[in-house]
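Here is the structure we will look at, set down as structure tokens.
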């Protein structure tokens, strides 16, 4: 009873803190210079990480096994992974572009885990025989960490695509406006005034484009680093899962729906990393592959669980009725 109450308290405290962090990030995006929310939001994410760590430890003691046996526990661990990715650069004293993405991802996964949709599986249960193995910690933790890293990197790539296409759109719009004024002028003086105004605007956009270019390069740099880390975790997770499957079911690979989509995820991000070796395919081209990978990850992690079939059906998800 004590552990259950403590788990309930830590869950709501962590969700409340990360909600405040999101609010602080919105203040930052609005450009409020009076309030300096960056450091406060970072400390808030550290507090969230500590609360989620305490929640996992409490769940571990309460249930008697490592808390990665069902969808609810995996969502909590995914939230913990996002917060971990968030605070690592903070301790290295390096500000990066992951903060808004990791904080938003944490509140999304935490909110879903604590919603009424997972009430039926929130109570700890005895592990099914297939999960009663030392490989549980190794395999599942690596897979969840890989999902967190790959999702963050994919969202950075998606942001890169949005900014790139916006730049192309506004650049073409500015050029068309300049050509229009050159073709249709009402007197030499009016033409010169209009041309000077447009050139000033073009110069202003050029300065903005320079900083946007720098920003895009940073997004590309961080998405590549985070996806590379996630790919390593995913590879370790798949290999450890194959060894565990051989011990549990007598076969390294069974083309189970979960295994199949994990392999598809690995292939997609292997293609992404391969495109990075070609300078002509870096940037927006490789970002398209990573953005596709974002959808593939959610199918692998959550979509397959909706089916409730296959050897991984113990992680299935069913809607609760009120």
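Heads up, the Cβ atoms here are built off N, Cα and C, so glycines get one too.
Copied over from TrEMBL:
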TRANSMEM  12-32  transmembrane segment
TRANSMEM  44-62  transmembrane segment
DOMAIN    68-312  domain 'Cytochrome c assembly protein'
TRANSMEM  74-91  transmembrane segment
TRANSMEM  138-163  transmembrane segment
TRANSMEM  222-245  transmembrane segment
TRANSMEM  260-275  transmembrane segment
TRANSMEM  287-311  transmembrane segment
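Panel annotation: around the transmembrane segment (44-62), residues 3-4, 6-7, 10-11, 13-14, 17-18, 20-21, 24, 73, 76-77, 79-80, 83-84, 86-87, 90, 99, 102-103, 106, 110, 124 of the same chain, lying at least six beyond its termini, place a Cβ under 8 Å from a Cβ of the stretch. Of the ranges 74-91, 138-163, 222-245, 260-275, the one with the most Cβ pairs under 8 Å to the transmembrane segment (287-311) is 138-163.
Residues 143, 150, 227-228, 230-231, 234-235, 237-238, 241, 281-282, 285-286, 289-290, 292-293, 296-297, 299-300, 303-304 of the same chain lie 6 or more positions beyond the ends of the transmembrane segment (260-275) yet place their CB under 8 Å from a CB of it.
Residues 66, 68, 74, 77-78, 81-82, 84-85, 97-98, 101-102, 105, 212, 215-216, 219-220, 222-227, 229-234, 236-238, 240-241, 244, 262, 265, 269, 283-284, 286-288, 290-291, 293-294, 297, 300-301 of the same chain lie 6 or more positions beyond the ends of the transmembrane segment (138-163) yet place their CB under 8 Å from a CB of it.
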